[in-house]
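Structure record follows, encoded as structure tokens.
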Amino acid sequence: MQKYNTLFIIILMLAFSACQKEYAKLETAQNVNLNKYVGKWYEIASIPQRFQKGCTCTTAEYIKKDGYIEVINKCINEDENGELETAKGKAFLASDSSNSKLQVQFFWPFKGDYWIVELGDNYEYAAVGAPSREYLWILSRKPSLEKATYDVLLGKLANKGFPITELQKTDQSCSTDK
């Protein structure tokens, strides 16, 4: 678990430094209702990151608190003998966001961008990324997402400049409910 937390810290430092650069404008979802957004999400696909190396059955749970959103990320780490790994953090709203731009913090004082760039009408799926387009997660309320929905979402993300060819699907054949 220490390895998982250390990698989170490193990636957040990189994300923090990336915030200092100028990127092409990235449109985000409009008027996100955080009461609908919170809850459990399953990772369907992501651009691989070092801090998630070996992770399968990745989930994220968001819990609304007073002034922030608690973030609980879990995965089964196949590189660590199938151990359940958990990383906890906090997400804070950016001031100009219509609730779609957040800053997530797993280790003080570093924060990374968490921008909701696509969102299903019924909050059944979401795509989360950053202005650098180096990070991208496709999330679903269920362990799978219909192929047609996934394909349409990929088209929208490609139009926003994300390198969708780098996406890797996440194995959701196990459970982090331990």
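Including glycine, each Cβ sits where the backbone N, Cα and C put it.
The feature domain 'Lipocalin/cytosolic fatty-acid binding' is assigned by TrEMBL to 32-172. Across the domain 'Lipocalin/cytosolic fatty-acid binding' (32-172), the DSSP tally of helix, strand and coil residues reads 26 helix, 69 strand, 46 coil.
The annotation S-diacylglycerol cysteine is assigned in TrEMBL to CYS19.
As annotated by TrEMBL, signal peptide applies to 1-24.
Here the domain 'Lipocalin/cytosolic fatty-acid binding' (32-172) has a mean pLDDT of 91 out of 100.
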